[in-house]
Amino acid sequence: MRYRGREVGGEGRVHRVMESTLTARDRVGVQDFVLLENYTSEAAFIENLRRRFGEKLIYTYIGSVLVSVNPYKDLEIYSKAHMERYRGVSFYEISPHIYAVSDNTYRAMRTERRDQCILISGESGAGKTEASKKILQYYATTCPVTDHMSTIRDRLLQSNPVLEAFGNAKTLRNDNSSRFGKYMDVQFDFRGAPIGGHILNYLLEKSRVVHQNHGERNFHIFYQLLEGGEQDQLSKLGLERNAQKYHYLVKGCCPRVSSINDKNDWKTVRKALTVIGFHEEEVEDLLNIIASVLHLGNTQFGEGEDGETQITTEPQLTYLSKLLGVDGAALREALTHKKLTAKGEEMISPLSFEQAVAARDALAKAVYGRAFTWLVAKINQSLAFKDEMYNSSKGSSSVIGLLDIYGFEVFQHNSFEQFCINYCNEKLQQLFIKLTLKSEQEEYEAEGITWEPVKYFDNKIICDLVEEKHKGFISILDEECLRPGEPSDISFLEKLEDTLGGHAHFVTHKLANGKTRKAVGREEFRLIHYAGEVNYTVNGFLDKNTDLLYRNLKEVICQSDNQILSQCFHREEVTTQKRPETAATQFKNSLAKLIEILMSKEPSYVRCIKPNEAKQSGRFDEALVRHQVKYLGLMENLRVRRAGFAYRRRYEAFLQRYKSLCPGTWPNWQGRLADGVATLVQHLGYKPEEYKLGKTKIFIRFPKTLFTTEDALEARRPALALTLQTSWRGYRERAKYHRIRNAVLVIQSAWRGMKSRRKARRRRHAAEIIRKFIKGFIYRHYERCPENEYFLDHQRFSFLMTLVRNPPKSVLDKSWPVPPPSLTEASEHLCRLCMQNMMRAYCRRIQPEWKKQMEQKVVASQIFQDQKDSYPQSVPKLFVASRLDSEEFNLKVIQTLGNDKVKYGVAVTKYDRRGYKARPRQLLLTSSFAVLVAEAKLKQRIDYATLRSISVSSLTDGFMVLHVPSEDNKQKVTG
């Protein structure tokens, strides 16, 4: 067995996790048994297992072999994230795991284009079935897939619940024990995608159909059908939802198991059958067979009036004939009689009660066993890769095989089944040791290391004891089964003693010495296997080997209308005179084919161990584990693996890990790798007998040498860490500075470029504007055209913006910019609107008092504008309220006036005609005349009719003159 680039016990790159935890080996043990210092000690081996199990580390390597201890609980190490963690990683890159074996096998298949296989073995309850499930799930999740390949992937996964339902059962050791051996080929295309599969089954435990030990159950499918089947379906099959009513289901006194949900499992199986591609008619025929087995178990016999055996349960016979699709009368006859041929004549002989029961049980076992074989064949049809055009155009496919096989079994009472199982394990152990030694020798020769022959126990002597022609155990068994007369198990034992009596690995009570004789019963024989001594009870060997079904029963079943049975029982079996092969011979031949298949592939190994019989998590039964370590041949495997060098690693990986321990190789070695490793080991003080240098690898003989080197590296790490931290901080800060500096330069460059581009755009824009302006100015007197439109628009815009920025400040501000010709009319409207708006705003702001002043100013303006020199100066001055109130009028004057009411009165100054003496007077105006009043006297009356005009001074002296005719000498001048 070549290891296909994977690192065995340290070959290539020993995974970093293992090396990083070598200093913690006292607590968690070593992750590869090859690195055990005391590798010959079974106690040290088991102690390492115990430590790792206590730390929930259930996987350990022996070189390339994976040892798995069943934790009996769910561990969070099987998620999709864990699958991705192991995907594409070198075998020893990270901690041991079933995914590491799966991925390494897959990559070896892809890179070397050679078929692979994974051999999973162990006792019932050790976790073999779960291990094969994990491998299939890994491939289903991580391999590339298309729509068609997705269907194949689903069928591969769904084949498990179907095979478990029909081939697994609850035993004392395991609630889901596989009662058959299974080899599955998974076919991959040139891209590594699963495209098909094929299953081979070995040695189904058919005896379980008719008998179970106390505390065990029949195959799961019976209980699933009764618990999960619909009521109409059960009625059609003639079944009741009560397992206690069926003889084949009550012998173990265990119809229900707390850890099994038969109802849910039935739903899973029905769904899986649909996914795999079973037609409803096929499922119906299959369930008819399952129901017929239960009815066969309830078929009872009794003696008739003439003493012949007869069937006493007619309803069962009716259901049997219906479900099996055979004639009821013929079936009755075949169950109670047998057909004999003597001197060419056929005779019908009645069966005794015991013979009838045996015939019934033989029929139940045969029907179920062949139905199981048909089921496997049907699954194979579903998994077969049929696209021949694709296959021929894209290249040949590759295969990974999964062998889920029973481990070495030693019970208190061992029979034919245990003999076959242990014989199978002998053959697999022989293959394993042979391939392991071959692989070791090939690796040594490839590296130029002298191969030293390894002493080991060659179990070929035991295999020959069992399978040798004419003189082997199976030949003797077949000969005894076929000889005329009345052969029996005791006569078979006697013949074994006569033929094999001198063999070192065969002992019976008769042949044993005094001490051994006590341990071997009179009806037992002992075989000394590679894993230890096993006593076998000879009772039942002949019956189980012949597995005889009476010919008349075969004739009836061959005429069945059930399509499955018609394919399982062929008419040639009845007509041929050739005796069928015995069970032992069939198993030997199928095992030879299996070994041939495995020899054509590169194998990997998974050894499963159960830590206790109670299926409790956290409990480690040292005696039970020691028993399994012995029967799995793990110590022999380790001893062979450690016969040479315990540790090997490629130069580049070894130098990369340990170069810091030598100044000559630190920090980098520039020469040949081999010279660098030689310099390193000389500095470390390796003795010549401790190591060898190959062509590409260093070989270290003792684990202690590796541990010393690892401890030195661990002591060196703080200084390395400090150096690395210092270098890292410096590098980080320099990198940060360069990033900032580069960023600043980039920003500066970008900013300068942006400014330059902006400036250039502005200049281009300004030049374009200037050109437009000049051209527009030249064409300013033309009609609007493309040449002057910009200039005209600019004129308008400038005029309007001038108005916006410098509008008239008040109603008295008459300034207004000169508009361009095109805006003359608009300018007039705007001026008018502006003045109106200012006037409105001004008027809204005037107070009532100011309004009166304005009204008076307007009147004054009409009278005095351009009449008085001082008028412009008087305009800003407010009028003084000089009007007399009515209270200031003398009452006597009022009475004198009578009905003429005073409209207006004002105080005036009268100047005498002579001397111009000033005298205060009141000028009262009525509607028809004006009077001058001095205190209470009316001094002068002036009728308006006689008033020629009124004059005021053009100066600022305030004189007012009333002009009257000159004839009126009484009129006087008043100021």
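Backbone N, Cα and C atoms are what each Cβ position is placed from, and that goes for glycine too.
Nobody curates TrEMBL annotations by hand; they come from automatic prediction.
The domain 'Myosin motor' feature in TrEMBL is assigned to 29-714.
Sequence-distant contacts of Gly127 (ATP binding site), defined as residues of its own chain at least six apart whose C-beta falls under 8 angstroms from its C-beta, comprise Ser68, Asn70, Cys608, Lys610. According to TrEMBL, the feature ATP binding site maps to Gly122, Glu123, Ser124, Gly125, Ala126, Gly127, Lys128, Thr129.
TrEMBL lists 591-613 with the feature region 'Actin-binding'. Mean pLDDT of the predicted structure over the region 'Actin-binding' (591-613): 89.
Here TrEMBL flags 868-975 as domain 'TH1'.
A C-beta separation below 8 Å, combined with a sequence spacing of at least six in one chain, links Thr129 (ATP binding site) to Asn160, Glu164, Asn168, Asn176, Ser178, Asp404.
Within its own chain, Ser124 (ATP binding site) has Thr171, Arg173, Asn174, Ser177, Ser178, Tyr406, Gly407, Glu409 as residues 6 or more apart in sequence whose C-beta sits under 8 angstroms from its own. Per-class residue totals from DSSP over the domain 'TH1' (868-975), listed helix then strand then coil: 14 helix, 38 strand, 56 coil. Shown in sequence order, Asn70, Asn174, Ser177, Gly407, Cys608, Lys610 are the same-chain residues outside Gly122, Glu123, Ser124, Gly125, Ala126, Gly127, Lys128, Thr129 whose Cβ sits within 8 Å of the Cβ centre of the ATP site.
Secondary structure of the region 'Actin-binding' (591-613) per DSSP, as helix, strand and coil residue counts: 9 helix, 8 strand, 6 coil. Other C-beta atoms found within 10 angstroms of the C-beta of Gly125 (ATP binding site) number 22, with every protein chain shown included. Non-local contacts of Ala126 (ATP binding site) by the CB criterion (under 8 A, 6+ apart in sequence, same chain) comprise Ser68, Asn70, Gly407, Cys608, Ile609, Lys610, Gln628.
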